[in-house]
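Structure record follows, encoded as structure tokens.
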């Protein structure tokens, strides 16, 4: 599943980049977050139905594709938030914060699985996706990553 998953992640990242340019970063960020939550439901379904190689391949494909799409859109979103004068530093800070919360929570996932089982664990992670969708909409309203240079003169926008 690692090789197959890698190719699906790359495909999802490519799709996320292309779709972000075509439809806007925030829209694709929303779609990526929604698809990521839906794939957690697929994991719950798979945990409930037991061992099935075909279902496993479908779930891995969907999860890696949606993860790649969401990550590409999120990177584009973070890039739109940075100031041209401080891009490297700000992006380093933003991307570090992006990975901090999941790393902290991952340590507790085994305890939660032991307490509630895999199906309920994945249903719970999908439910966590609901506030994420709201935050994506809110962030889209509060920031203008689609047009980061709109308030700058052409000379300022070029650097």
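Just so you know, glycine gets a Cβ as well, placed from its N, Cα and C.
If you look up TrEMBL, you'll see 1-143 marked as domain 'Major facilitator superfamily (MFS) profile'. According to TrEMBL, the transmembrane segment annotation covers 6-23, 28-48, 54-79, 91-112, 118-140.
Predicted-model confidence for the domain 'Major facilitator superfamily (MFS) profile' (1-143) is 90, expressed as mean pLDDT. Nonlocal intrachain contacts for the transmembrane segment (118-140), taken as residues 6+ away from its ends with a CB within less than 8 angstroms of a stretch CB, comprise 26, 29-30, 33-34, 36-38, 40-41, 43-45, 47-48, 77, 109, 112. If you look at the transmembrane segment (91-112), the same-chain residues 6 or more away from its ends with a CB under 8 A from one of its CBs are 74-75, 78-79, 81-82, 121, 124.
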